[in-house]
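Novice: Pasting the relevant annotations from TrEMBL:
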SIGNAL    1-18  signal peptide
DOMAIN    43-127  domain 'Copper amine oxidase N2-terminal'
DOMAIN    144-243  domain 'Copper amine oxidase N3-terminal'
DOMAIN    296-533  domain 'Copper amine oxidase catalytic'
ACT_SITE  ASP368  active site, proton acceptor
MOD_RES   TYR456  2',4',5'-topaquinone
ACT_SITE  TYR456  active site, schiff-base intermediate with substrate
DOMAIN    583-671  domain 'Copper amine oxidase catalytic'
Amino acid sequence: MWLLWLAWVLPVLGIAASSSPSPNPTAPPLDQASIFADLTPAELRAVRTFLMSRPELGLSPSRRGPLAKNTLFLVELLPPKKRLALHYLDRGGPRPQRQARAVIFFGAQAEPNVTEFAVGPLPRPSSYRPLRFKGGRAVPFTARPMTQLEYELLHRTLAEAMEPLYRLLRDSTGFWYHNCSRHCLTFSDIAPRGLASGERRSWLILQRFVEGFFLHPVGLEVLVDHRDPDPRRWAVQRLWYNGQYFSSPQELAEQYERGTLAVARLAEPPFQQLFSSYEPRGRFTTGTPTEVHGAKVCEPQGQRYRLRGNQLEYGGWSLAFRLRSSAGLQLFDLRFNGERLAYEVSVQEAIAFYGGHTPAAMQTKYMDAGWGMGSVTYELARGIDCPDTATYLDAHHFYDADGPVRFSHAICIFELPTGVPLRRHFDSDFQGGFHFYAGLEGQALVLRTTSTVYNYDYIWDFLLYPNGVMEAKVHATGFIHATFYTPQGRRYGSRVHSHVLGNLHTHLVHYKVDLDIAGTGNSFETMDVRFENISNPWSPGARVVQPPGRGGRWVIPPPWHPHNVGLLLAPGNGPDPAPVPCRYHLAVTRHHENEPTSSSIYAQNDPWEPLVSFEGFLRNNETIEDQDLVAWVTVGFLHVPHAEDIPNTATPGNAVGFFLRPFNFFDEDPSVASRSPVIIRPLDPPTFSQLEIQRWTPASPGPCVAPGPFTYNGTYRQE
């Protein structure tokens, strides 16, 4: 049995592992895992070449030309249907046909839209067919994610609109927007883009373009309507400057020229030790050294895990993994000692809901799958983002590009000393000695990637422990989303610098957990632990207070908020509750092939009429007893920004996740199969001058070999 433990800061579900350097004879064959492997660069190019050759699609290159054209936006693996995959994996059925998911923006039509296609068979595609969302709805063109081309056109529109404000911006900030070469302004855009479905109006926050520009708002926010595919019809609709609203740039400029404007004058930023930079400044009072390297991870006898293609093995664990361009890490076919525990565990969505006094702040409801959360997996720095000893893997994304783009070192895999024993006991004789000591060092295998979604950096981890536990965890770091400080804004955050308000926000992360424990026929129960007050059976008149465990079925219909209600989205909150699966700490549904994800890349720009409505997953009143079940898990935290978030939010205290833990699934702790414990017994008590030390690894781990000098490239280029 696997029990789902749920807690707000660190929820818990149920799985298994143990560490052994010998081959795992019950692991699935390597070629089986490859049905879940990401598309190769050759396959990505083949899909593009095939679709570009189809005259009826009328495709043009993405990165140049007008918006009103047909372009191929995204290509990634279309995973096989679960029933087909299990028939192949478990019953020797035919290998599922390898296919791609292709997203095309049809902007050159009288009624522009977005259409998704299944393209195959790979590696030599010869056909395509439309993919339909549940309910058969089409994707509105206004719901499409932003592209680099649209950003370039927005930049031109803004540069032209800011020309009347040249003197105001130059005099108050020392920077300006149009015709600048050194002291330039930039912008960050806000979503959702409007107040209703069909709109595409973005608030833009103007910032000084210096290192860490997210922390340098200048007090000007601009609302641009860019719904029309023809940018000549785009227009600035509103402006906000230092607490006041204006209908046009000319109105704002006229007030400045008349001397009636409350001007926010900013000091010139220093050339060195800028507060938003990582440059060291100040000193620790203890004087302990920081100019030398700290502790490092080493593998004195080599790696204890095996990586073959996209199949990863560690002790009793085996799994297949991929890195989706749309949403990030996705695990398939998780097994322990050959027995499947989960068909899929994957990241679905990351949401950040903000409050504020400025229009941009109050409008900010980020849904990061709509920003290509899985495609912004930039290079991991060896020895910082991952240990020096880690295995690093490249990723290839076809997202808003004209071919596959290689992201070097986008994934890392490493064994991590946890710094705490997995288990230990000192058996005292209570006379100054002991009967025995036994301990097993704590280690876990980590699969990691990152997503840098503009200002924020998410560090995504899946950890496998030797005692049959799997952990999913995400750390939040990077720059806070900041707006210009006004006294009224303090209600919605903290003043973190002279003109900077760190806006209060809630991070919510959604996962899909498709557990298949001893097959696909599973049920779900909770354990309700309450104290009981009963008569003492061996002492009449006395009472006993104790906690019994009570099992109970869990019913989904109402939103379930067992802990801090304020951190989740109550019904009716947000643009629309339907696209927000993160309203629920936990929801359990029947598996359906037409419900593969809880969100979509379109939810950000059309949250009012979402293409994927998670509420629809729950409202069908299906039984969840002895069925193929999927658990949808939400974790998150409330972030009240503070001065210590400068220059970046730190990872300690800003990590959340959940555990998969076995519950009476094994006969004993499966980590007993590990050969890493140490047992110490005295041979001559009570003198304790001779000890028997039992271990199954070399007596000494040996030296940690120092790697070569630090190197970093950081580029990601189309090949």
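Placement of Cβ uses the backbone N, Cα and C atoms for every residue, glycine included.
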Novice: Give me the long-range Cβ neighbours of TYR456 (2',4',5'-topaquinone): same chain, 6+ apart, Cβ under 8 Å, in sequence order.
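Specialist: Non-local contacts for TYR456 (2',4',5'-topaquinone): ALA352, ALA476, THR477, GLY478, PHE479, HIS481, THR649.
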Novice: Could you tally the C-beta atoms, other than its own, that fall within 10 angstroms of the C-beta of ASP368 (active site, proton acceptor)?
Specialist: 25
Novice: With helix taken as DSSP H, G or I, strand as E or B and everything else coil, how many residues of the domain 'Copper amine oxidase N3-terminal' (144-243) land in each class?
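Specialist: So the counts come to 31 helix, 31 strand, 38 coil.
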Novice: Determine the mean pLDDT over the domain 'Copper amine oxidase catalytic' (583-671), rounding to the nearest whole number.
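Specialist: Here the predicted model's pLDDT, averaged over the domain 'Copper amine oxidase catalytic' (583-671), is 93.
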Novice: Using DSSP, what's the helix, strand and coil tally for the domain 'Copper amine oxidase N2-terminal' (43-127)?
Specialist: 20 helix, 27 strand, 38 coil
Novice: By DSSP assignment, list the helix, strand and coil residue numbers for the domain 'Copper amine oxidase catalytic' (583-671), in that order.
Specialist: 11 helix, 25 strand, 53 coil
